[in-house]
Amino acid sequence: MHNAVPMQRTRRLRQPQAMNPGLPSVGGLSAGQPLRLSLPAELQAAARSAHRHLLDDGTALYLLAFDTAQFDAGAFAAMAIARPDSIARSVRKRQAEFLFGRLAARLALQEVLGPAQAQADIAIGATRAPCWPAGSLGSISHCEDYAAAIAMATGTCHGVGIDLERPITPAARAALLSIAIDADEAARLAKAADARWPHDLLLTALFSAKESLFKAAYSAVGRHFDFSAARLCGIDLGRQYLYLRLTETLCAQFVAGQVCEVGFARLPPDLVLTHYAW
């Protein structure tokens, strides 16, 4: 590691916690209970569960589970969530993940902006990234029938990225190694693997960590960049951090040799989550 290049640390996910924030209020309710949302009839059949997780600085991350087969497009109007034309033309699965992703973001925004401002539309930007309301920034991720979101106040950080993945299957391993993870990285993960984090699960976490880093950095970098731009240089299974060293200078804030600390965690039932903020 280059001594002159700082390491950017990220916030760590605490053990899963649940609250009952309801809609639209979040505060004043006890922890440790299932999260119950007050939802319209159009959404009740599709909504399966909701959880509120905390990063170590108290930042909330919302995870929603849904049933695509039960999704009713009328939920957009019922929830006052805008449905862009590109989403309206898409298949049911895409519509469901879009709505539940925006709903998770709305829950997260309540803690940052308050209930009224959290209702603001989160449009799709020119690069397909969400356009967050004034005074906030955040990240949304989807994986099968799950959607997660995090939001922070502008000024608390410059960028944040989260990514949600299912563990890779043996059949998908070769493809992942060919596009996102090199042989040295795979070998380092194999050496670190244990019963809780077997090799394929760590491969999933590293792929996801790079996705989270790319999301968080995009606002500063302003362009897409390859997986090879960040390579694994360390892992801490106990604290659940992956350390990624940049192999090239992407912009003034992300320079070659810089080490980025990305948190990773397992969420029930069988999900891998990574998160990075700078």
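Glycine is no exception: its Cβ is also placed from the backbone N, Cα and C atoms.
Where the annotation comes from TrEMBL, it is an automatic prediction and has not been curated.
Going through Asp72, Asp163, Asp184, Asp236 against TrEMBL, the one listed in the CoA site together with Arg94, Arg102, Ser141, His142, Glu211, Lys215 turns out to be Asp163. Least packed by the Cβ count within 10 Å, out of the binding-site residues Arg94, Arg102, His142, Lys215, is Arg94.
Counting other CB atoms no more than 10 Å from each candidate's CB, the binding-site residues Asp163, Glu165, Glu211 peak at Asp163. When the record's CoA-binding residues Arg94, Arg102, Ser141, His142, Asp163, Glu211, Lys215 are compared pairwise by CA position, the greatest distance found is 20 Å.
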